[in-house]
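The following features are taken from Swiss-Prot:
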TRANSMEM  19-39  transmembrane segment
TRANSMEM  44-64  transmembrane segment
TRANSMEM  89-109  transmembrane segment
TRANSMEM  122-142  transmembrane segment
TRANSMEM  154-174  transmembrane segment
TRANSMEM  195-215  transmembrane segment
TRANSMEM  224-244  transmembrane segment
TRANSMEM  257-277  transmembrane segment
């Protein structure tokens with residue numbers, strides 16, 4: 001397959017799945033199993049995924065640029081004691097608290113996770129994670145609707161719990177978005193607050209992973225690979241911006257249940273496919 005066509009299709013997959021609770025990593029692995037870049041160049045596949053995830057990060061920063069700007073400015077003024085409004089400072093602290101557990105867990109368990117990703121039965125593992133995550137989404141939605149009222153604000157304790165359970169995303173196919181949204185729903189948070197906090201947590205988590213992989217694979221950056229990487233980055237950014245806007249409109253009127261059903265059907269379908277191949 002032409003590398004630019006491959007890059008375009010992967011960018012579409014990334015844009016659609018990164019912020020939806022369906023596992024972008026799982027979908028990208030499934031695609032690359034059939035259509036790898038440059039034959040068996042797994043390193044380039046991995047590096048390209050980081051570039052399109054960076055495009056996704058930029059889309060969050062672009063859409064919420066005013067919020068991030070105001071919260072950062074407010075934080076500095078609070079630290080310098082130029083005002084008494086601590087909202088911005090607390091917002092940034094909550095993001096750091098929520099991101100900290102998965103960054104530490106990912107660093108500690110790196111070799112073990114690399115071993116899992118290299119297993120020949122990875123598709124079966126992905127299938128199990130898709131199904132398990134789908135069931136959790138449906139249970140979380142059912143539990144949420146048993147509560148007397150929904151909550152919009154996410155406090156420090158919520159950030160800690162969401163951050164801890166975000167570590168489930170280290171399991172291939174579980175999904176970082178799913179782990180954070182499921183936890184937020186169990187805590188009684190409304191759909192928009194759950195989704196947006198998941199978006200915000202993505203920034204430090206994906207940024208840290210991106211910097212690490214960029215340093216690791218810097219030797220394969222050259223005149224042939226950089227144009228393809230930048231093409232994927234730009235396509236991902238543009239499409240992610242559209243998907244996030246659609247997603248926020250969708251969850252204003254619907255629950256996350258449809259994504260749970262989708263995950264279960266996908267997991268069962270891939271599991272059946274692996275048995276037939």
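Using the three backbone atoms N, Cα and C, a Cβ is placed for every residue, glycine included.
Here the transmembrane segment (257-277) has long-range neighbours at 20-23, 30, 121, 123-124, 126-131, 133-138, 141, 173, 178, meaning same-chain residues at least 6 beyond its ends whose C-beta is under 8 angstroms from one of its own. It is 89-109 that, among the stretches 44-64, 89-109, 122-142, 195-215, 224-244, forms the most Cβ pairs under 8 Å with the transmembrane segment (154-174). Counting Cβ pairs under 8 Å to the transmembrane segment (19-39), the top-ranked stretch among 89-109, 122-142, 195-215, 224-244 is 122-142. The listed stretches are 44-64, 122-142, 195-215, 224-244; of these, 195-215 has the most Cβ pairs under 8 Å to the transmembrane segment (89-109). Beyond the ends of the transmembrane segment (44-64), by six or more residues, the same chain brings 7, 10-11, 14-15, 18-19, 24-25, 28, 32, 36-38, 196, 199-200, 202-203, 206-207, 209-210, 213-214, 217, 220, 225, 228-230, 232-238, 240-241, 244-245 to within a C-beta distance below 8 angstroms of the stretch.
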